[in-house]
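So that you can see what the record holds, here are the features copied from TrEMBL:
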REGION    1-20  region 'Disordered'
TRANSMEM  70-92  transmembrane segment
TRANSMEM  98-117  transmembrane segment
TRANSMEM  129-148  transmembrane segment
TRANSMEM  178-202  transmembrane segment
TRANSMEM  214-234  transmembrane segment
TRANSMEM  339-360  transmembrane segment
Amino acid sequence: MFPLRTVGHKHKDGLAARRNSHREIRTSVHDVGSEVSVATVDQPPPSLQSSHHDHELHRTRTYHPFAPHVLFLLMPASIFGVLARLGLVALATYNGQSIFPLAYVQGLGCFVMGFGLELKEPLGNFYPPLYTALTTGFCGSLTTFSSWQLDVFNSWLNSQGADRGGLRDFMDGLGKTVFTLAISLASVLFGSYIARVIYPFLPTLPPPSRTVRYMISTLSVLTYAATLPAYFLLPASYRHQATAALLFSFPGTLTRYILSTLLNPLLISFPLGTFAANSTGTGLLAAFHVIQSITNKPISPNGCSLIQGLDDGFCGCLTTVSTFAVEIRGLKGWERPRYVLMSWGAGQLLFLIIMGPSLLSGNVRKQLVCSFT
């Protein structure tokens, strides 16, 4: 196959016309996501392949959602997403902070998500697995629905013991709920806008050769394999901070990707796969949080590090706000608030059912008691 730029001038003009037409359509809708099918947000797009002669029709090359090239590229994307999330949270956590740290995480992840979704066609023409790695892998692992729900629930409980009344506990939880939704949706739109601005200036790169594709897949597998020696060889103090989370990053992302691919097409008006992933991850995070807060049976430092890795790695990558925000825009009318309320309500209900009885028993504290040293 020839790259798109090596074909005849007539063919180039046709591509340019279609590209301009595509830009006009994209800028005429109210926002990104309104023309996106919630069933295929995570799946790799078809790749447009040019033929040897200008008069021949285009052919499309489609990667199966579970093709090895797609799954392998999710590995490094998940790792980089987790590292970016942990780094941003650490950077944004300080005395006198004016906004909760997860706001930066959700905002950046949704911005990149809107950017990638707007460039789905050129990414697909270059290398379709790259689109899935960017959106499902990196953005889905960077943003986290379960930690958002824990943050809100801790506000209701006033887990930090702040000197304030119950009404202010409610206001704190409500603020984290509303502002997270607003920041996420606005960031998706802003990322889409920036992508539309730079779209005409993007070069048309030829798709990678078969050798390059296999090299990318091999490096992806080796990158994830390196997380195991990193956990054991790096200092033990790194385990609860990052290396344990890296071990569980890809399993969480893969589980979410499987659920969304298999379940989202079942209901057009409700992304069942993403809902299942977010609810499952939130329930698991609530259970792990209870284990880390037990006072009468302390856990070993290694056990605490592994559970923290499950919190940040598996649950953080299993749940996502970036795809959640795009799906909200892809729904119509009352489908949008229904999806938001059911997802948010399920998350808070799971924390109430799982953590509530444990807190009432007196054997579990509001704060974590796990010791990593």
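Going from the start of the chain as shown, residues are counted 1 onward.
Heads up, the Cβ atoms here are built off N, Cα and C, so glycines get one too.
Automatic, uncurated: that is what TrEMBL annotation is.
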Open item on the list: Against the transmembrane segment (129-148), which of these stretches has the most C-beta pairs under 8 Å: 70-92, 98-117, 178-202, 214-234, 339-360?
Closed with: 70-92
TODO: Flag the pair the transmembrane segment (214-234) / the transmembrane segment (70-92) as in contact if three or more Cβ pairs fall under 8 Å (sequence separation 6 or more).
DONE: yes
Task: For the transmembrane segment (98-117): best-contacting stretch of 70-92, 178-202, 339-360, by Cβ pairs under 8 Å - done: 178-202
